[in-house]
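A.B. asks: Pasting a structure below so you can have a look.
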């Protein structure tokens, strides 16, 4: 799956062209998430009609597809709801029929866009096919709009006219798996519902006048009386979706809608809605409003400054300029409101500026982002680290008998990089776990464990699943994320925000170095009461303060790296990266970047495992990149590099400035050196990884690869 975007205007006139442009711009803001098709749904020319436009390829192909219909783009809509989606093929291959949005039938009575995975879709599909529904795609999503239609038709046959959010709740009760979805319907004109379970959704709110509102009340659904009960046993063969009548209740539509007085397309359907806490009427009249819905808050930055993050099991219902949030799951830990938060994103930070692409911009931003993660937290005068987000849990954290860091992808590598300093400073066992494997193994977790969850987006599905597992085991949880309103930031007990800003490139660059520093700061803060570590802590804190300026020095290597890629590297499709100690994590991260961005096979190897098999490969002269900066392992790394040179390999050595050991080999042309500033051993990996980021970037550029949208990459792991 990939990106969701929606736009609703109420009593604010917009032309069809403006609505289409808004939806397209919203999708373009989500382009940094890898996708292979896109689509939108908007209101048609006829009363209570919806049109769908979708196409494979880039969003530009979708725009061309829309233009083929010669739509009247000047047609005004005083109120309207449109939805859009970019898709990365998961269930079903890349063909137009599999693109979102998906419909319930040829007349588009219900239209859905969806992120996530419906795990019981095969059973639902079989049941719906038995009912006469025809499926045109191979996706799991298509069962959702058809289920909407089936339940809606069944309720009408029984004499019940359900409200949209009640109907949605009935549909969601039949779904297993994860979802973030938007649904519009010709039966509910100018309305949209949004539902979340395991896949993020955020709603931006904008009025013509300022609103002094800080929360939206949650309206809990009465599961016994407030909707029809559907008895669906999808795990048994031969069963069908059936409805049992229930008594008349207040969720059934009864009174004429407000829209008949104000909107261009009035309707004779009847319903009854409660009042909205978020968008109260102004002087007794409805307030002109705009709502923007997305799976990523970064896409909302240009439109709104106030957002509401949906929680799992939430159903948001937007109609008549009002936002209602319903929840079907009542628990002791559930809040009765959703906070309206200020969106702390600057528009300039989500634009390329003078750079050719986002990856290049984000590599160069590391001078600033490493400052940002330390700002107000690292005090070089007192040699202290202050982490306000952890203070309330100080006692529990310092009492930890074990620390477990859990992450995926590059975040996992940052955890590996920080593990040795945690072990050294804290003197407790430290485990680093891949989130998916951690959950699969049902690891033993105890109440005196501290579990640290690291994620760039804060929405990585595997990491969230691991977090939920640890919460059930009553461990103390820390979140290290870049997005303050993300699931991980909200569900953990405490946390550290990396303040990295939006990272729109697929490749993790600035987030990796910021996570690395954040984890080191946590280790420093948690070990503050250990007297034996005072001098070591001072050394690290002083080194942290000059890291941003040292990164600037490393970036000056770019001309040399461009020449190296052009003359020696671009013709190769296999690379070996050698590292040991702190630098093995750098080798892992560098190899990952080269695979992801440059489309080359790259392998990270512990230097002392440079046995006969690896040396046999080295004799074929693939480029070998070795991390040989000064630390406790330098002599052994030098010995391994000598073996490579003896076998006529020509390694590229990342070493410290002024390190004379390689001068003779360099003069003979046996090696190429990339010299970086020296820092304390536990921070050297921050500087060492940047040349690999630049090599990956320039190899891709030399091969005409789109670095911001590499193939077969995704920002967050799907729920599979």
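Positions of Cβ are set from backbone N, Cα and C atoms, glycine also.
Annotations per Swiss-Prot:
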ACT_SITE  2  active site, nucleophile
COMPBIAS  266-280  compositional bias 'Polar residues'
DOMAIN    2-321  domain 'Glutamine amidotransferase type-2'
DOMAIN    393-532  domain 'SIS 1'
DOMAIN    565-710  domain 'SIS 2'
REGION    266-285  region 'Disordered'
A.B. asks: Using DSSP, what's the helix, strand and coil tally for the domain 'SIS 2' (565-710)?
C.D. replies: 74 helix, 26 strand, 46 coil
A.B. asks: How would DSSP class the residue listed as 'active site, nucleophile' in three states?
C.D. replies: coil
A.B. asks: Would you mind checking how many other C-beta atoms are within 10 angstroms of the C-beta on residue 2 (active site, nucleophile)?
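C.D. replies: There are 26 such Cβ atoms around residue 2 (active site, nucleophile).
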A.B. asks: May I have the DSSP-based helix, strand and coil counts for the residues of the domain 'SIS 1' (393-532)?
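C.D. replies: So the domain 'SIS 1' (393-532) is made up of 66 helix, 28 strand, 46 coil.
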A.B. asks: Give me the mean pLDDT over the domain 'SIS 1' (393-532), rounded to a whole number.
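C.D. replies: Over the domain 'SIS 1' (393-532), the predicted model scores a mean pLDDT of 95.
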